[in-house]
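Engineer: I am attaching a structure below and will ask some questions about it afterwards.
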Amino acid sequence: MDSVEKGAATSVSNPRGRPSRGRPPKLQRNSRGGQGRGVEKPPHMAALILARGGSKGIPLKNIKHLAGVPLIGWVLRAALDSGVFQSIWVSTDHDEIENVAKQFGAQVHRRSSEASKDSSTSLDAIIEFLNYHNEVDIVGNIQATSPCLHPTDLQKVAEMIREEGYDSVFSVVRRHQFRWGEIQKGVREMTEPLNLNPAKRPRRQDWDGELYENGSFYFAKRHLIEMGYLQGGKMAYYEMRAEHSVDIDVDIDWPIAEQRVLRYGYFGKEKLKEIKLFVCNIDGCLTNGHIYVSGDQKEIISYDVKDAIGISLLKKSGIEVRLISERACSKQTLSSLKLDCKMEVNVPDKLAVVDEWRKEMGLCWKEVAYLGNEVSDEECLKKVGLSGVPADACAAAQKAVGYICKSSGGRGALREFAEHIFLLMEKVINSCQK
């Protein structure tokens, strides 16, 4: 279970390196409505994700795909599904980030060049946002680089502020790490332990550990932020589970975060169902979309052996695999691939055919996975339980999808999407066993 710890603090530290301005002030809380004005309007709580385009560690990391989803999409999904925010915003200076944010249902605040410098702090960007949005009373600054955030965490923090009267709440994680004093090079001094007695090293189970900021979020009321603080007043921390405390800063963090998010990430309100039917568009997914013609006018196509293995693995796991195409492909050519899959070609309405297959097998849409790449696949991608596209799919298909492969069509995308399905199905099985 998530645990929530609360405590007073005597100093302020900024999440992104702004120097402390001394002891945080004791704040007098007030309401905008005042007395004698009828029912007091509830304070406006806004989620704010800061996502400038000039990331130095990983270029455009905020929209780089993590486990098939733009990085910023993970926290936007959690914020939207938490149901505690009156508005959800992304503050950015970049057109591509703006487009992705809007696709996920967020509003966009175009950050000024002054607040987008390398030297600008999170606090600078938040204050600028508040200057343009007088309706906002509380800001939940959620870090885009924390993809394992869950709605329940945000719901509990909102309750701490709205119901328990805290001015600021920030996220922490418990760590069991021994710290030692740093020694300058060339100085002959011995290091000293900072949080342990080496003669009596405790076992992990005998030590409570220490709390560290994990950077997932910082909630604060407007009047506190306007005084130059994100942490202060009546202040509390919120302890997150260790498996949900993921922060991405440099390239080496990426593959580790990807495995963590697949295992512990939040995938939406609707529970995942076990996939029973996998449908793949032929041209541009199974194949690379190229058509070759032999001297005797026979059609020749190519595909990746890895994708054939992916189909075999899907079948072995009990998933029915079927192929579809809007083009009048040569069934003789396709049968020569020896994939042993039912297929339909020259299909003007793919959704109707997939719906017929689904009903034939007695399945709901959540039990169907679809890999497509064209405009003609868009409706199927929106309808199924799990949807994927190759890296080179058209823009319309990418917007409709849940997972974007790193591989291109005909070059391993099918195998990659199959492995993604296996990971998610493991998650379904584990949740059923709990």
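Keep in mind that glycine also has a Cβ here, set from the backbone N, Cα and C atoms.
Checked Swiss-Prot, it gives:
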type	residues	note
MOD_RES	MET1	N-acetylmethionine
REGION	1-42	region 'Disordered'
MOTIF	15-31	motif 'BC1 motif'
MOD_RES	ARG37	omega-N-methylarginine
MOD_RES	ARG52	omega-N-methylarginine
BINDING	ARG52, ASN62, ARG111, SER120, SER122, GLN143	substrate binding site
MOTIF	200-206	motif 'BC2 motif'
ACT_SITE	ARG201	active site
MOTIF	269-276	motif 'BC3 motif'
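What's the neighbourhood like for these features in this structure?
Structural biologist: The Cβ of ARG52 (omega-N-methylarginine) lies under 8 Å from the Cβ of ASN62, SER91, THR92, ASP93, HIS94, ILE97, ARG111, SER116, ALA125, each on the same chain and at least six residues away in sequence.
When secondary structure is read from DSSP and collapsed to three states, ASN62 (substrate binding site) falls in the helix class. ASN62 (substrate binding site) has a Cβ environment of 26 other Cβ atoms inside 10 Å.
DSSP labels the residues of the motif 'BC2 motif' (200-206) in these numbers: 4 helix, 0 strand, 3 coil.
Under 8 Å, Cβ to Cβ, and six or more positions away along its own chain, ARG201 (active site) finds PHE178.
Across the motif 'BC3 motif' (269-276), mean pLDDT in this model comes to 80.
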Engineer: Tell me whether SER122 (substrate binding site) sits in a helix, a strand or coil according to DSSP.
Structural biologist: helix
Engineer: Which are the residues of the chain, ARG52, ASN62, ARG111, SER120, SER122, GLN143 excluded, whose CB is within 8 A of where the CB atoms of the substrate site average out, their centroid?
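Structural biologist: Along the chain, the qualifying residues are LEU50, ALA51, SER91, THR92, SER116, ALA125.
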Engineer: Name the secondary structure element type, per DSSP in three states, that contains ARG111 (substrate binding site).
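Structural biologist: The residue in question, ARG111 (substrate binding site), is coil (DSSP, three-state).
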Engineer: What same-chain residues, at least 6 away in sequence, bring their CB to under 8 Å of the CB of GLN143 (substrate binding site)?
Structural biologist: ILE49, LEU50, VAL75, GLY215, SER216, PHE217, ASP247
Engineer: Within 10 Å of the Cβ of ARG111 (substrate binding site), how many other Cβ atoms can you find? Include all protein chains, please.
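Structural biologist: Around ARG111 (substrate binding site), other Cβ atoms within 10 Å: 22.
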Engineer: Counting only residues 6+ apart in the same chain, whose Cβ is under 8 Å from the Cβ of SER120 (substrate binding site)?
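Structural biologist: Those within reach of SER120 (substrate binding site), by Cβ under 8 Å and sequence separation of 6 or more, are GLU114.
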Engineer: Hey, what's the widest CA-to-CA gap across ARG52, ASN62, ARG111, SER120, SER122, GLN143, the substrate contacts in the record, in Å?
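Structural biologist: For the residues that bind substrate, the greatest Cα distance is 17 Å.
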